[in-house]
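**Q** Pasting a structure below so you can have a look.
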Amino acid sequence: MWQLLLPTALLLLVSAGMRTEDLPKAVVFLEPQWYRVLEKDSVTLKCQGAYSPEDNSTQWFHNESLISSQASSYFIDAATVDDSGEYRCQTNLSTLSDPVQLEVHIGWLLLQAPRWVFKEEDPIHLRCHSWKNTALHKVTYLQNGKGRKYFHHNSDFYIPKATLKDSGSYFCRGLFGSKNVSSETVNITITQGLAVSTISSFFPPGYQVSFCLVMVLLFAVDTGLYFSVKTNIRSSTRDWKDHKFKWRKDPQDK
């Protein structure tokens, strides 16, 4: 019965008035999280969306052109500049996702961050990424031309709670052997106002979609079980009432 209820509940949900605009939006995630990468880096894009039991394929788009891959993850083994651009995905029970930008750069070093605009008290994670992950030492992170953090061996730079003073231009530099190399400069902006904690802090957008869908399915299954049990109880009660009992006296009662 359980195998029948789950697919049936989902199909009823889709067929009973769910229009395209009512479907949840798919979400694209980058893994690792950096949207700026160097040539030869490997990148995985993951599509989080809702699927029906009959169709678990995914449509991928690169700069609005359909990609042949139909898996939920799209893997780029060795990125080239041609891989730069916007990526979107869609499933049969999710609408087209918002675009996710991928930038493939040429160079020895690249300063990476999940984003460049933060709110006060947000954590900031910076990474001085080297081409092909070549060993890098005597690494310095600089803000507005002044050294901010030094590492003898390459390490990520963390700012636990951003303040307005953390706004500015950043780059990193280090040594490849005896060769001194630097990344391009990027601007980090800190805006006023504390970050507000919401349910999205605990559930990424894609998981919110799955969570809501699961709750609807559980409600449908629970309703189905209720009516099934109620019908069985009525049937048992009716059979008990219709049954005729015959009584007889025990010989000892004479």
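Yeah, the Cβs are placed from backbone N, Cα and C, and that goes for glycine too.
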**Q** Identify which of C47, C128 is listed by Swiss-Prot as the disulfide partner of C89.
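**A** Recorded partner, per Swiss-Prot: C47.
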**Q** According to Swiss-Prot, which candidate among C172, C212 shares a disulfide with C128?
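**A** Partner cysteine, according to Swiss-Prot: C172.
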**Q** Identify which of the glycosylation sites N56, N92, N180 has its Cβ surrounded by the largest number of other Cβ atoms within 10 Å, counting every protein chain shown.
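**A** Answer returned by the neighbour count: N92.
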**Q** Fill in the CA-CA distance, N180 (N-linked glycosylation site) to N187 (N-linked glycosylation site), as an integer in Å.
**A** 22
**Q** Sequence gap of 6 or more, C-beta under 8 Å: which same-chain residues meet both conditions with respect to N63 (N-linked glycosylation site)?
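**A** Counting only residues 6 or more apart in sequence, the Cβ neighbours of N63 (N-linked glycosylation site) under 8 Å are G85, E86.
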**Q** Count the other Cβ atoms sitting within 10 Å of the Cβ of N187 (N-linked glycosylation site), across every protein chain shown.
**A** 10
